[in-house]
Amino acid sequence: MLVAAGQFAVTSVWEKNAEICASLMAQAAENDVSLFVLPEALLARDDHDADLSVKSAQLLEGEFLGRLRRESKRNMMTTILTIHVPSTPGRAWNMLVALQAGNIVARYAKLHLYDAFAIQESRRVDAGNEIAPLLEVEGMKVGLMTCYDLRFPELALAQALQGAEILVLPAAWVRGPLKEHHWSTLLAARALDTTCYMVAAGECGNKNIGQSRIIDPFGVTIAAASEMPALIMAEVTPERVRQVRAQLPVLNNRRFAPPQLL
């Protein structure tokens, strides 16, 4: 099946961001994409107000997702993205949602909040407390992760042991010394750790690197974007997963217990 990742620079106006997302969804659907991943925290972004995305939080029943759900009804594609959803007054969850045929079929509150590199996501965002069930798309099992989750191999491994063949990752990977190197290294490492495909969508713009990637179970990049707005696509197959796992049976060779969420 064909998978895709779309990237753009999120603006401070949620209506504009919704239209960009809907346009990318339409482009992906026109190419018969089955699984489409958008970046993280799509409601609003402002280089001078780090809290704008949380301040702009909307309910899952809100207008932003309403626009995307209407677009989703037009195709057979599964679309993955994250937005901030109100939790308690002044706070939010960083919530991944999966859309199919206009319906929200999965949700996942980000487990690992980005309290690193002088940024403290937990100041305004509440962490989730459970791993999302796997999705099924065109007969392939899909695991859900968000951005900073990439640095924690236990989440990817837990989902691979549950049967995941593809791991999706909406992200807004912040620029900084060696951060692009970390991104490419970690994506390849998670693919190799789990012998899963990785489909990662990274927001571009002044603060984030973009560089969306699709990586095969052997850690090979099969589609990649630069720092500019882009839509990338690649073919993925269960046969490739089986082939790699026959040659590199790391999931069967493990001598450690399966990861457990604290």
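Cβ coordinates are placed from backbone N, Cα and C, and glycine is handled just like the others.
Swiss-Prot annotations:
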- Glu40: active site, proton acceptor (ACT_SITE)
- Lys110: active site, proton donor (ACT_SITE)
- Cys147: active site, nucleophile (ACT_SITE)
- 1-238: domain 'CN hydrolase' (DOMAIN)
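Sequence features annotated in Swiss-Prot and their locations in the structure.
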residue : record                       : DSSP class
Glu40   : active site, proton acceptor : coil
Lys110  : active site, proton donor    : coil
Cys147  : active site, nucleophile     : helix
Averaged pLDDT, computed only over the residues in the domain 'CN hydrolase' (1-238): 98
Pairwise CA distance, Glu40 (active site, proton acceptor) versus the residue listed as 'active site, proton donor', rounded so that it is a whole Å: 10
The residue listed as 'active site, proton donor' and Cys147 (active site, nucleophile), Cα-Cα, nearest whole angstrom: 9
Spatial neighbours, same chain, of Lys110 (active site, proton donor) - Cβ under 8 Å, 6+ residues apart: Thr82, Trp93, Asn94, Met95, Leu96, Val125, Ala127, Gly128, Thr146, Cys147, Tyr148, Asp149
Glu40 (active site, proton acceptor) CB neighbourhood, other CB atoms within 10 A: 26
